[in-house]
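Participant: According to TrEMBL:
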| type | residues | note |
| --- | --- | --- |
| DOMAIN | 296-359 | domain 'MIR' |
| DOMAIN | 370-427 | domain 'MIR' |
| DOMAIN | 431-491 | domain 'MIR' |
| TRANSMEM | 58-79 | transmembrane segment |
| TRANSMEM | 99-120 | transmembrane segment |
| TRANSMEM | 127-147 | transmembrane segment |
| TRANSMEM | 153-174 | transmembrane segment |
| TRANSMEM | 186-203 | transmembrane segment |
| TRANSMEM | 209-228 | transmembrane segment |
| TRANSMEM | 240-261 | transmembrane segment |
| TRANSMEM | 575-598 | transmembrane segment |
| TRANSMEM | 610-634 | transmembrane segment |
| TRANSMEM | 640-659 | transmembrane segment |
| TRANSMEM | 671-692 | transmembrane segment |
Amino acid sequence: MLGFLERPVVVTADINLNVVALTAVGLLSRLWQLAYPRAVVFDEVYYGQYISFYMKRIFFLDGSGPPFGHMLLALGGYLGGFDGNFLWNRIGAEYSSNVPVWSLRLLPALTGALLVPMAYQILLELGFSHCAATGAALLILIENALITQARLMLLESVLIFFNLLAVLSYLKFANSQKQRPFSLRWWFWLTLTGMACSCAVGVKYVGVFTYLLVLAVAGVHAWHLIGDRTLSHVRVLCHLLARAAALLVVPALMYLSFFYVHLTLLCRSGPHDQIMSSAFQASLEGGLARITQGQPLEVAYGSQVTLKNVFGKPVPCWLHSHQSTYPMIYENGRGSSHQQQVTCYPFKDVNNWWIVKDPGRHPLVVSSPPRPVRHGDVVQLVHGMTTRFLNTHDVAAPLSPHSQEVSCYVDYNISMPSQNLWRLDIVNRESDTEVWKTILSEVRLVHVNTSAVLKLSGAHLPDWGFRQLEVVGEKLSRGYHESMVWNVEEHRYGKSQEQKERELELHSPAQMDVSRNLSFMARFLELQWRMLTVKSDDSEHKYSSSPLDWVTLDTSIAYWLHPRTSAQIHLLGNVVIWASAGLATAVYALLFFWYLLRRRRCIRDLPEDCWLRWVLAGALCAGGWAVNYLPFFLMEKTLFLYHYLPALTFQILLLPVVLQHVADHLCRSPLLRSVFGSLVVAWYSCACHVFNTLRPLTYGDKSLSPGELRALRWKDSWDILIRKY
């Protein structure tokens, strides 16, 4: 029974020393003097602000991408003991002693270092030689732009890591499919593929391009699987369901989990929550929650309310009125009603309060018990401070002549009667008897006489309107828009019938203490929509560039300049690698179409296994370059050189593929192969020389004289730099 003790326990393992060595040099290249420079470098000024928000648990909104990448950077700060107290106000600012610079930059550096062995593994899984795989890894190792981006608190290296991890995992899964389908290894690599794709999208939205590429390749393989007559129908169905679960369901659940953790961590009100709905703001600690906490839920006749426009553009604002009237004659010569102005005001103000009145009753207080207002009811809105009724009529709005003017009615005893009845339309109701609810209900106010809808036009009024935003009556025939929707943000039950007492009541805050929560899915959907639709800063940047500039490396970015010496960091690529990778892509495309045409004529230049390997390598490498590059031509946003790095990485992987193919299939004589091999070695040496030449600008650890800068000049992008010295 104890016979197994008579023999020693032996564990054997296959260790690829190439992977170990490549990992070691990758870590050395990315981690060496990682805390230098101890100053804010380029976009660290933005990501650092988000990390501080995480440390203080303050809500923020970043329209550039989902929160997973930001959370990973914040994890580095948390592990380093960062308290979030640093003013990220300018590039070049020296970090204070409480900022763990090494820890904050560690994760991007680690992911950037792991790209080196991953490139090696991808080429092996594609079926290419160890020599080609090592060549791909070395190219990733000495690419200056990839090193620069990985050594800073930025997200491109993290994005590229998950892109390559998704491709590598799928290749390992596909190779496992040939040996032992549905084994533990098979499930591991398939699930990891979906998880890596979700992480790539979670870091930046552009990660979806690689995700779609992997789905496309998986779809083609699944299509061939369906045609495999050796598999039963049940077996094929199991294969399809497994792929759907791992590549669709798992990524969706993970994506939701990123936002769940994000919203759980950021539970406090901050400077970015003004763009969110009142319900979302009220779910955060502090800020609006302190004002709205415990308000009556149901709006009743006699309620005192503030009405916020749901659209929130160009800025969040509230329905507002004041004593001033519209000018009798506008600058363009048109006349107005000269009624009291109604605007949308982007600040909290006592003139934002309105009283919901029953048209059939005189009192402006809530009865006991309160009579709730329901969908379809006709109401009047009385301005709290001036007691005038919200009104609209067939008079052109001041800045939107196709729409009706909205005013508070002033009786000038002329033939212009009051038209102040509004029908309540709750757009997010669950039934036709839905009660108007504070914060939760989104409503339209439809004018009874003209069927116009109260709408924020978004135009800024002239000085006579105090530069506030125009509110108009828009005909229903013009269609639905969020700018027509309002919600009650602040709410109290009115108690004072006399005007002077009511004015004092409006100036005082509500004193109740009941909280109201918003579900995770409601907050997720709203936050996701805001992130996708928030207007980004499209202003021109001196280092911005076009996609055509990236391919030719006709651009660079000055990331950091030492305040006292000429040491500096630039995002500048290895020109030998960039040019060769572009050439390899063109060569691959030409060879692919040449082989395809000849195969159409039933001429097989390549054995079938070599052809399939050639096609798969092109689909993943050339396809990875295309899907991560070409969409930028359609994007209306400020672009920089670093946006090209994910596409460049796939292009670099294609380069050794083309070189090996040329050596194996086009150089038929030993002499020709020998000459070609010598040229490849010389080319690698040249790439290493360029890397070493640009190393001072990659690491920023060396002061450069004007002559040295002039020697490093690449086209005209260095002119500005040289003039400084």
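Every residue gets a Cβ built from N, Cα and C, even glycine.
Unlike curated entries, TrEMBL annotations are predicted automatically.
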Participant: For the transmembrane segment (153-174), I need the partner stretch with the highest count of C-beta pairs below 8 angstroms, choosing only from 58-79, 127-147, 209-228.
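Facilitator: By the under-8 Å Cβ criterion, the transmembrane segment (153-174) pairs most with 209-228.
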Participant: I need to check the long-range neighbours of the transmembrane segment (640-659): which residues 6 or more away from its ends have a CB within less than 8 Å of a CB in the stretch?
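Facilitator: Long-range Cβ neighbours of the transmembrane segment (640-659): 115, 119, 122-123, 126, 128, 132-133, 135-136, 139-140, 143, 145-146, 149, 154, 156, 159-160, 163-164, 206, 210, 541, 543-545, 547, 549-551, 555-557, 571, 573, 577-578, 580-582, 584-585, 587-588, 591, 617-618, 620-626, 628-629, 632, 680.
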Participant: Count, for each of 58-79, 209-228, 240-261, 575-598, the Cβ pairs lying under 8 Å from the transmembrane segment (127-147), and report the range with the highest count.
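Facilitator: Ranked by Cβ pairs under 8 Å, first place goes to 575-598.
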Participant: Residue counts in helix (H, G, I), strand (E, B) and coil for the domain 'MIR' (296-359), per DSSP?
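Facilitator: Secondary-structure breakdown of the domain 'MIR' (296-359): 3 helix, 30 strand, 31 coil.
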Participant: Hey, would you say the transmembrane segment (610-634) packs against the transmembrane segment (209-228), going by three or more CB pairs under 8 A that are 6+ residues apart?
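Facilitator: Result for the transmembrane segment (610-634) with the transmembrane segment (209-228) is yes.
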Participant: Of the listed stretches 58-79, 209-228, 240-261, which one has the most C-beta pairs under 8 A with the transmembrane segment (186-203)?
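Facilitator: Checked against 58-79, 209-228, 240-261; highest Cβ contact count belongs to 240-261.
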Participant: Count, for each of 58-79, 99-120, 209-228, 671-692, the Cβ pairs lying under 8 Å from the transmembrane segment (575-598), and report the range with the highest count.
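Facilitator: So the stretch in question is 671-692.
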Participant: Take the transmembrane segment (240-261) and find every residue of the same chain, 6 or more past its ends, with a Cβ under 8 Å from one of its Cβ atoms.
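Facilitator: Result: 66-68, 71, 182, 187, 190-191, 193-195, 197-199, 201-202, 211, 214-215, 218, 222, 225-226, 520, 524, 527-528.
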Participant: How about long-range neighbours of the transmembrane segment (209-228): same chain, 6 or more residues beyond its ends, C-beta under 8 Å?
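Facilitator: Contacts with the transmembrane segment (209-228): 163, 166-167, 170, 174, 177, 193, 197-198, 200-201, 236, 239-240, 243, 247, 251, 616, 619-620, 623-624, 627-628, 631, 646.
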Participant: Going by DSSP assignments with H, G and I as helix and E and B as strand, what are the residue counts for the domain 'MIR' (431-491)?
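Facilitator: Its residues fall into 9 helix, 29 strand, 23 coil.
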Participant: Residue list, the transmembrane segment (58-79) vs rest of chain: Cβ under 8 Å, 6 or more residues beyond ends.
Facilitator: 47, 49-51, 100, 103-108, 153, 155, 158-159, 199, 201-206, 255, 258-259, 261-262, 265-273, 275-276, 284, 527, 530-532, 534-536
